[in-house]
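*Asks:* Please read through the structure below; I'll follow up with questions.
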Amino acid sequence: MAPSADTSFSGHVRTQFTAYEEDRQATSKDTLYCTSNGVPMPHPYEAQRVGENGPLLLQDFHLVDLLSHFDRERIPERVVHAKGSGAHGFFECTDPMPDICLADVFATKGKKCPITVRFSTVGGESGSHDCARDPRGFSVKFRTEEGSWDMVANNTPVFFLRDPAKFPHFIHTQKRDPSTHLTHADDSTMFWDYLCNNPESVHQVMILMGDRGIPDGYRFMHGYAGHTLKLVNKDGDWVYAQMHMKSMQGTKFITQEDSASKSADYSQKDLYEAIQRGEYPKWTVEFQTMTPKQAEEVWEKQKINIFDLTHVWPQGQFPRRKVGEFTLNENAINYFAEIEQVAFNPAHMPPGIEPSADPVLQSRLFSYPDTHRHRIGVNYQQLPVNAPRGGYRFGNFQRDGQMAFFNQGARPNYLSSIDPIQFRTRSTDLDKVHGHFQGECISFLSEIRPEDFNAPRALWQKVWDEPARERFINNVAGKMEVCKEKEFLKRQIAIFREVDNDIAERLEKATGIKGYDGIANLRFNGTHNGFAKDASHRAANGVKLTQGKVISDNNGAPAKGTHKGLNN
C-alpha cells in the first residue's frame, strides 16, 4: 500500500480510520512484518545478543516490544459470564407496535438494524466447559438509529435473588473455594450453603437442575430479560413489559451424562460452524405487557411482584406480543476484537424504553458500565464493536482518558455559546413516565412467603413430565453428593418440601439424608422467614427488627396506590 501524498495530519488520520476495515479483511500475505511503531523487521524470531553466547541487548526494541506486548495481551476476564461465544447479524421489525412504544426500531414494518449477540455461561472461567450445568447469558446489542440498545438477558426467566446486595455474595459461592481452590463440581458446599439460606432461589434452582440447565448449544435456547421494563408511546403513556427472545430453531437440551462426551468448546463450535454453513439461527422478539393498574392488581390478588426477579408473569393472562425477529448471519473475524471486547450495558436504552423500579435491574444499571470502564477502559464505547450507529454525528463533553481515538477535534469541551451543540426535543414526559416515590428508607432484605413457591410448584406439577422429574432428582442428588455439610442438604430438602413433598421424599430416598419437615422452624442468614412459627426465627440472622424498617409489607411490589394519577 503506497503512502498517501497528503502529508497533513488530517490525511494521516483519514487513512488510519478508513483502513480499519481493510486491515480487518486483509490476509497475512497482504501484510509486512513490523514492530508496533511500523518499522519493518526481517524475521520475527530475531533477538540481539552479545557474541554467540552472551547476554541479550537492551537496545533490541524488537524483542522488548514483542515481550512487553505479550505480557499485556490479556484484559481482565469478566467476573461473571467469562466463557462465551458470539456473532453478528440484524434485527428486523415484523410487527410494529407504535401504540405502546415510540422507539424508532419498533416503529415501521421492515425496519432493520445491525446487532451483535454474545452467549455465555455464568459462573465458569474463560477456559471452562461449555456444557457446565449453569444458566446461560444471552445479550444483544441493537445498533438503532437512536443509539445502542443493550438487552442483557439469560436463558431463564428468573434468577436466584431479588435483593441486589446479594449478587456479589451469590457469585462468590459459585466460584472457586478460597481455601481449596476447587469449583463446586468437586465440592458443592458453598453452592448449597447459599441456596439453603436464600430460599427465594428455589425456582431458579429447579430450572437449573432441570432440562434447561444444559442447553444443546446456544442456537437451541430462549432468552429472557427477566427484569421488568417500561415501554413508552408517543403520547407519554406507558406499560410495564417483559421481553422474550424465542429460538426459531426450537429448544434442545443435553443430559448430565451426555455432557461429559462433549468438547469444552461445544457451544462455540456449534454456533460458529452453523453460521459458516449458512444455517443462520433466528429468534423472535416478543413482549408481555401490563398496565400500572394491572401491576398493582396482580400483587393484591395473586401475590405476583413484577419488580421481583424470582417471579414470572403468567403468559395465559399476559400473552406475548411479537415485534420482530433477529438473525445471526456473520461470524466474528477476530474473536478478541469483536466478542471478548464487546460490552453490554442494561442502562443503554433508546427513547421509548425505560427501566422499572426492579431493584436488581437498578443495581445493574450502575454495575455493568462500571465493570467495562475497569475491564476495557473508560473509552470502551469507541471500540468498533461497541460504537453506536446513529442517524447523526453525535457529540458530548466526554474527552480524553486512556485510548481516546475520537476526541471530537477542536470543538468546545463545555456548553459553549460561541459554538453551541445541538439538542433534540425530549421524547417523553419524565414526570408522566416515572412513579411518585415517597416514604421512609427501607433496608430491603426481603422475606420468603408462600407466593414464592407457586411458580416452582407449577413447574414440578404441571410443566414437567415424569422423565423430566426423574432427571431433575438425579441431577440434584448428584450435586448433593459432593457437599461436605449435610446440614445444608437437610435445609435444602426442607425448601423443596415447600414446593412439593414429592420432591423432598424422592431426594431423601436418592441421598439417604432426611430433610427437615419444612422451613417454619428455620432461620435464614439471607432472608426473613415469613413461614416462621416462632418470632425468633422470622428475622434474618443478625438483623434486629427494632432498628429501622427492614421488612416491607409488600416485598417491594407495586401495591395498590403506587401509581397515583394514572388511569390505566
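Residue positions begin at 1 at the first shown residue.
Each Cβ is built from the backbone N, Cα and C atoms, and glycine gets one as well.
Keep in mind that TrEMBL annotations are predicted by a computer and have not been checked by a curator.
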*Asks:* Looking at the candidate ranges 109-128, 129-148, 249-268, 549-568, report the one that TrEMBL labels region 'Disordered'.
*Replies:* 549-568
*Asks:* When a 10 Å sphere is centred on the Cβ of TYR368 (heme binding site), how many other Cβ atoms does it contain?
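*Replies:* Cβ-Cβ neighbours of TYR368 (heme binding site) within 10 Å number 19.
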*Asks:* Provide the number of Cβ atoms within 10 Å of the Cβ of ASN154 (active site), excluding the reference atom itself.
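*Replies:* Its Cβ has 23 other Cβ atoms within 10 Å.
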